[in-house]
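K.L.:
Input: one structure, supplied below.
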């Protein structure tokens, strides 16, 4: 059963006397009052969408389309989308990264593309290409905002209209991968991208989570959404899976007094280690940030019958790479996170 009226079917959570999402009275009659799908049904165009043909033609040159989803915000979904795109491009794939997180477009910063504008040619809107890798093109509403601090305060229909423009009017050319960075949760944007891309096929979704139980609860809902709209779950990535830092370069030491004042003793501690146990300087310090006693994402994947792609530790160097808009794979200081990400990406490439 499709969710929220995808493919015109009645949603499972609809009211008892639902007229159907394709009805002219959808979302407008008394039977629709209080239904969670009321606004979507009332604003969605009825009947076949003539633009779907144009979208299918535009997407015909894209081999694989992958959605990057998360059940909640703050789990590192956009960071993963950016680094996945960097890695695929560096593996000689032609890659497009489409940012449909309309209200929180962070992709331009994570790709080092802040301040760029969208240009139009006779073929349509042109993606913005990463200077360090011409294999990677990006499209985001962030390129359309006069100032990066501007808030996008739009209702569903306007957001859906922009997503349709992105998939209908952007000329990607020949792509091996189109990576779609979606907003957290399951909202209008998710329903729209599924409707617009279904005709040309969606290869699947990768769901990003953290080990927290509250995050995993939302991931279960995300998996349920994918099943209801017939999107294959390619796998789940457990991000922020423990803190892992290189002792000699990242770690800071401090003493905290009873009054709460803090004193930096990093140099003293490192000198002591150099003197007493220099071999420790080549080790990593690991710490579990979230409760892992329940088994985390891996256990959840076994229970729900979906692939587990791997764990990515919380790496300060990866955070720094994302803040500076660069790939973590060419930076030796990102060895911890880069190695974990490479393992996940190799699984995707192996399934081509």
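Using the three backbone atoms N, Cα and C, a Cβ is placed for every residue, glycine included.
A quick note: this is a predicted structure, and the numbers were derived from the prediction, not measured.
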K.L.:
Region 'Disordered' per TrEMBL: which of the ranges 1-27, 28-54 is that?
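P.N.:
In TrEMBL, residues 1-27 carry the label region 'Disordered'.
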K.L.:
Specify all same-chain residues, apart from the site residues 71, 72, 73, 74, 75, 76, 77, 78, whose Cβ lies within 8 angstroms of the center of the Cβ atoms of the ATP site, ordered by sequence.
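P.N.:
Filtered neighbour residues, in order: 70, 184, 208, 209, 210, 215, 239.
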K.L.:
What whole-number Å value do you get for the CA-CA distance of residue 76 (ATP binding site) and residue 41 ([4Fe-4S] cluster binding site)?
P.N.:
31
K.L.:
To see if you understand the setup: which same-chain residues, six or more apart in sequence, place their Cβ under 8 Å from that of residue 75 (ATP binding site)?
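P.N.:
Within the chain, residue 75 (ATP binding site) has Cβ neighbours under 8 Å at 184, 208, 209, 210, 215, 239, 240.
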K.L.:
Any same-chain residues 6+ apart from residue 35 ([4Fe-4S] cluster binding site) with CB under 8 Å of its CB? Would you list them in sequence order, or say none?
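P.N.:
Expected: 13, 14, 15, 18, 27, 41.
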K.L.:
Excluding 18, 32, 35, 41 themselves, which residues in that chain have a Cβ inside 8 Å of the centre of the Cβ atoms defining the [4Fe-4S] cluster site?
P.N.:
14, 15, 19, 21, 26, 27, 29, 31, 37, 38
K.L.:
If you skip the near sequence neighbours and keep only those at least six away, which residues in the chain come within under 8 angstroms of residue 72 (ATP binding site), Cβ to Cβ?
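P.N.:
For residue 72 (ATP binding site), the qualifying residues are 184, 185, 214, 215, 218.
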K.L.:
Among the binding-site residues 71, 73, 76, which residue has the fewest other Cβ atoms within 10 Å of its own Cβ?
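P.N.:
If we count Cβ atoms within 10 Å for the binding-site residues 71, 73, 76, the smallest count is at 73.
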